[in-house]
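So the structure is just underneath, and the comments pick up after that.
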Amino acid sequence: MNATITTSEQARPVFPFTAIVGQEEMKLALLLNVIDPKIGGVMIMGDRGTGKSTTVRALVDLLPEIEVVENDPFNSHPYDPELMSDEVREKVHRGESIRTTTTKIPMVDLPLGATEDRVCGTIDIEKALTEGVKAFEPGLLAKANRGILYVDEVNLLDDHLVDVLLDSAASGWNTVEREGISICHPARFILVGSGNPEEGELRPQLLDRFGMHAQIGTVREPELRVKIVEQRATFDENPKEFRQSYETSQASLTSQLTEARARLRQVQTDYSLRVKISQVCSELNVDGLRGDIVTNRAAKALAALEGRTSVSVEDIGRIITLCLRHRLRKDPLESIDSGEKVQEVFSIVFGTNPL
């Protein structure tokens with residue numbers, strides 16, 4: 001089964017990101033991961049037909065093009081050694097010139113039936129032994145380097161494959177070892193998983209590895225439902241004209257994201273706020289330090305998105321539920337929703353009203 005790779009030549013028109021109505025939590029989580037991929041991806045859980053796949057594809061269409069080494073299966077960065085394949089890195093060390101081109105940020109769909117070899121890549125052992133060369137067939141992780149790897153119904157994916165994806169997403173590298181032969185290549189991507197909670201949850205150990213967890217539901221307001229239906233009908237009738245009507249807002253958001261990524265390094269969080277973030281994590285009995293780290297990163301990304309260089313209490317309040325709700329221990333006797341519990345503790349520690 002082949003993966004679907006989104007390219008600039010893609011025939012199917014994509015619904016504009018700025019035209020998507022509602023689902024603010026999901027959209028914010030995706031934008032923050034684009035600004036700082038080290039947040040660690042996002043898990044989107046929600047009902048069927050709530051726009052999960054549409055929003056992810058719309059995000060990719062929104063992103064600016066990137067410069068890559070020509071004819072390189074790993075989308076190697078021409079100047080950053082951490083994002084180069086071994087072959088490109090060796091050429092650079094030898095002082096050889098490399099040709100570059102620009103391309104849309106890749107989006108790779110991971111099919112549910114994918115095998116580990118299809119995901120990680122394979123080594124041709126026979127060719128390696130007879131010809132003495134490392135014959136490597138890149139997998140989906142190679143294609144997703146510097147892009148987005150999207151797994152729909154990730155809660156139905158084999159746990160071992162989810163582990164492989166999360167390991168690569170965290171380290172930025174994929175290592176394939178067969179019969180004493182080892183190949184390593186960059187695999188730095190934003191991992192986006194989506195699923196329907198009715199079809200089962202991820203194991204807590206795996207869920208904790210996702211940076212953020214967005215919950216979305218079916219829109220209930222009749223007026224909003226009518227607006228969504230009408231927008232979709234207009235898009236289906238004339239996609240080109242519909243997309244043109246959102247060109248200005250799309251370009252504005254693309255520019256905002258580019259500026260936010262450049263601004264991110266300048267953003268600072270006061271020590272007192274960092275202590276309070278850790279206090280919230282401690283009082284919620286969050287295991288490990290991932291929650292602290294991700295919350296700090298996400299708050300900085302939000303400040304950068306809104307054009308500021310310092311994190312505010314409001315920034316933390318807007319993202320802390322996204323960063324912590326999936327890290328709480330499940331208590332069968334607990335009646336309060338995990339997101340509400342996070343906001344409750346946040347308001348006590350920070351002395352604010354719950355958002």
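Keep in mind that glycine also has a Cβ here, set from the backbone N, Cα and C atoms.
The C-beta environment of Ser53 (ATP binding site), restricted to residues of the same chain at least 6 apart in sequence and closer than 8 Å, consists of Tyr150, Asp152, Ser194. Under the heading ATP binding site, Swiss-Prot lists Gly46, Asp47, Arg48, Gly49, Thr50, Gly51, Lys52, Ser53.
Residue density at Cys323 (disulfide bond): 32 other Cβ atoms are found within 10 A of its Cβ, drawing on all protein chains shown. According to Swiss-Prot, the disulfide bond annotation covers Cys281-Cys323, on the basis of similarity to another entry.
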Asp47 (ATP binding site) CB neighbourhood, other CB atoms within 10 A: 12
Cα separation, Cys281 (disulfide bond) to Asp47 (ATP binding site) (Å, whole number): 28
